[in-house]
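Features as listed in Swiss-Prot:
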BINDING   157, 182, 183, 184, 185, 186, 187  S-adenosyl-L-methionine binding site
């Protein structure tokens with residue numbers, strides 16, 4: 001996978017040379033290049049921003065600089081967008097369209113990720129990604145989909161963000177443009193968000209993890225996603241706190257059931273919206289019993305609280 005990152009602080013991404021992502025680069029699984037957006041400026045101050053049209057606080061990143069950079073990295077010739085090819089500049093419409101498209105994609109199970117990652121066809125079409133706190137939330141499903149791409153290009157915004165016409169223009173050129181939020185909060189720039197998305201995406205690549213099965217039971221993973229059960233290691237009794245006896249029983253069926261029940265209970269407490277999204281037809285008898293004890297009705301298509 002080829003990964004390009006555009007930022008006014010490219011040195012921020014030196015951290016990507018550490019840990020598993022650094023090893024993945026050494027093995028040739030991923031090629032990461034961080035570019036300085038100021039390299040595409042032409043003024044003495046290397047300016048990348050200007051005041052907002054219509055007034056307001058802060059500065060907005062200029063489309064001229066971004067377009068020269070992105071045209072070069074995407075191997076595109078500059079052009080003028082016509083009315084026929086113009087896409088809406090309404091951010092709500094764009095977000096709704098993106099969310100609808102994401103919702104239409106079926107979630108891939110964790111087992112399929114681990115077992116069939118080598119057989120999933122990759123796409124040669126580059127994907128241009130901008131972090132944006134006003135965009136749809138980046139999810140594990142998005143990470144799974146993007147892990148099948150051959151080329152990802154991330155643009156890191158700063159100040160009040162980037163000119164809204166930048167993603168608009170490249171969508172009109174047929175580029176697959178994604179805008180994602182990583183949570184209901186605002187950062188100083190897109191670098192942190194890009195690092196988060198990169199780690200979520202690249203760890204799903206075949207050969208990235210030492211044990212591919214380790215991603216199977218993680219939180220948010222799979223078709224009927226739950227939060228992961230709690231994890232313990234040795235010693236079994238630490239400072240007076242003991243691990244649950246069932247985990248020491250050696251009975252794998254009981255251990256699996258305990259962990260499943262704990263995942264259901266934890267998800268019920270912290271993320272009941274994930275319980276509501278479960279497919280009741282894929283719950284076994286023990287799942288149903290646990291959910292009913294937690295106050296859920298499981299006779300319909302999806303659980304609902306009593």
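Glycine too: its Cβ is placed from the backbone N, Cα and C atoms.
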- Message: So if I draw a 10 Å sphere around the Cβ of residue 187 (S-adenosyl-L-methionine binding site), how many other Cβ atoms end up inside it?
- Response: 14
- Might you list, by sequence position, any residue in that chain lying six or more from residue 157 (S-adenosyl-L-methionine binding site) with a Cβ less than 8 Å away from its Cβ? 61, 130, 131, 132, 189, 190
- Note on the structure: Residues near residue 183 (S-adenosyl-L-methionine binding site) by Cβ (under 8 Å) yet at least 6 apart in sequence within the same chain, in sequence order, are 137
- Query: What is the one among the binding-site residues 182, 186 whose Cβ has the most other Cβ atoms less than or equal to 10 Å away?
  - Reply: 182
- Neighbourhood of residue 184 (S-adenosyl-L-methionine binding site), C-beta criterion under 8 angstroms, separation at least six: 133
